[in-house]
Amino acid sequence: MDRYAKWKQRELLVILFYAVAFYAYALRISLRLSHDHYLKLRGLAPGWLIPSRRNDVSDAQWRNFRGNLPILSFVFAVFTVIANGSRSLFKLKAKGMTILWLFLSLVYLTYLHGACVIFILSIATANFLLVKVFARKKFFPFMLWAFNLFFLLCNRIYEGYSFSIFGPQFEYLDNFRGTFRWHICFNFVVLRMISFGYDYHWGQLDSHFDLEKHVTRCSLCKLGKTCYVVRQEKDIASDSSCSFSLYLCYLVYAPLYLAGPIISFNAFASQLDVPQNTHSVKDVARYGLRWLFSFLLMELMTQFFYYNAFVISGLWRELSPVEIFIIGYGVLNFMWLKFLLLWRYFRFWSLVNGIETVENMPNCINNCYSLETFWKTWHASFNRWLIRYMYIPLGGSRRKFLNVWVVFTFVAVWHDLEWKLLSWAWLTCLFFMPEMLLKSASNAIKVQSAFGEFLLRELKALSGAVTITCLMMANLAGYVIGPSGLSLFVSSFLSKEGLPVLGGVFFSFYVGTKLMFHIKDLRSGVHRPR
């Protein structure tokens with residue numbers, strides 16, 4: 001083992017000691033803040049896991065999911081028994097499963113949206129006709145995007161419309177709008193309609209996908225299994241069996257309807273005939289148990305640390321800079337765990353029924369030191385959708401500095417029509433520019449010595465610390481405190497009291513980035529004796 005490798009091992013021990021001390025301090029401050037201020041916080045409810053403590057349910061999305069989990073799990077169980085039982089009993093293939101899942105999903109949608117299912121089916125039908133009629137035209141992509149962006153914006157502006165616009169005789173239908181706003185869920189339907197349109201359009205052209213070459217490179221395909229890439233590149237949409245019922249089934253497939261993960265039309269349709277074989281029954285069961293463990297972890301977290309309640313109540317504005325940092329950092333970890341639980345629940349439901357999707361959040365939020373890695377591993381299925389249907393058609397890496405702005409602006413508008421989301425998108429793009437330039441420069445550097453490798457590693461660690469700081473600011477501005485709150489957040493750290501805290505935060509992120517380097521090295525076997 002050379003001297004540099006030994007030095008890195010000693011460095012790892014020091015970093016681990018610092019990490020333990022950092023988290024011990026952050027947890028102690030978090031407990032004290034939650035204990036001292038819980039009477040002033042909004043959104044706390046009695047806890048069930050630890051009855052003596054309050055539970056932070058101030059986040060509306062988490063509160064709704066958690067509150068509806070019993071009935072959602074009942075629907076999960078009933079639909080799964082009916083679908084898998086029918087598949088096994090009647091030997092149903094693609095056509096039979098399409099009809100069955102379409103029927104079950106429409107029942108589900110009727111419960112969620114009531115009479116508003118009419119709006120969903122009407123727009124979906126219009127999109128299907130547009131694709132079938134114009135898919136062979138050169139200007140088809142423009143028409144597809146214009147149609148879907150038009151309804152994406154109109155749905156939000158008019159808040160799902162009112163039946164009274166069609167005449168007073170239909171006004172009574174507004175009394176049967178279901179339990180969930182349809183135009184919120186329709187954002188995902190828009191992504192599926194665009195996916196169907198592009199897959200059908202490309203299906204009319206010659207495929208450039210080299211299956212044999214892919215199989216030689218893919219570790220999963222070598223084992224005789226079918227990976228997501230192969231499913232996605234199958235020309236299902238060009239087949240004459242690409243029916244309206246299959247298209248509708250894809251749009252409203254119950255397990256993925258509410259929150260995803262997002263799956264392409266080809267990947268979905270290819271699994272109706274032959275269910276996924278990537279994950280065994282044992283793997284799927286283990287996946288469900290891991291979700292249950294994560295749920296219990298969330299319950300413990302929200303009963304001891306009231307991070308989100310501090311933001312909802314506005315009480316974070318009265319705290320010291322170091323306390324503001326800890327609350328902000330805690331909120332981002334809460335958001336990560338919340339989305340992990342939502343996405344993995346619906347992915348588990350889909351896996352049990354034979355449809356595999358891309359895993360969102362394959363990495364922990366605390367193991368990302370670049371914007372590119374963060375985005376790829378946060379909403380991973382959406383990232384793949386954006387690359388396939390937006391980034392590459394716009395020119396890909398040839399125009400990456402322009403495409404980044406277009407893609408992230410669309411992501412903000414797709415989420416909601418709010419200035420704070422646009423500020424998140426444009427801040428992210430602004431921070432992305434130097435990272436892309438530095439990445440290009442570092443890839444061009446050829447390190448010849450151990451000292452050169454050490455120097456490059458240090459520069460990357462400093463760059464990672466800057467990136468994490470920027471990521472924290474952008475996500476807090478876009479999803480938590482808004483642009484006005486961000487200005488107060490930043491000013492608190494630029495004060496006389498806040499500058500030493502800012503230095504400590506930056507150093508902690510630097511140390512954290514180096515820890516991520518060591519984790520990457522250990523996974524690749526770099527630290528093993530030579």
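Quick reminder: no glycine exception, Cβ is built from N, Cα and C everywhere.
Pulled from TrEMBL:
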type	residues	note
TRANSMEM	12-31	transmembrane segment
TRANSMEM	69-86	transmembrane segment
TRANSMEM	98-124	transmembrane segment
TRANSMEM	139-158	transmembrane segment
TRANSMEM	179-198	transmembrane segment
TRANSMEM	244-268	transmembrane segment
TRANSMEM	289-312	transmembrane segment
TRANSMEM	324-343	transmembrane segment
TRANSMEM	459-481	transmembrane segment
TRANSMEM	501-519	transmembrane segment
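Contact counts against the transmembrane segment (501-519), taken as Cβ pairs under 8 Å, peak for 459-481 among the stretches 12-31, 244-268, 289-312, 459-481. When the stretches 98-124, 289-312, 324-343 are ranked by Cβ pairs under 8 Å to the transmembrane segment (244-268), first place goes to 98-124. Within the chain carrying the transmembrane segment (98-124), a Cβ under 8 angstroms from the stretch's Cβ atoms is held by residues 75, 79, 82-83, 86-87, 92, 151, 160-161, 163, 173-174, 176-183, 185-186, 189, 193, 243, 245-249, 251-254, 257, 272, all 6 or more beyond its ends.
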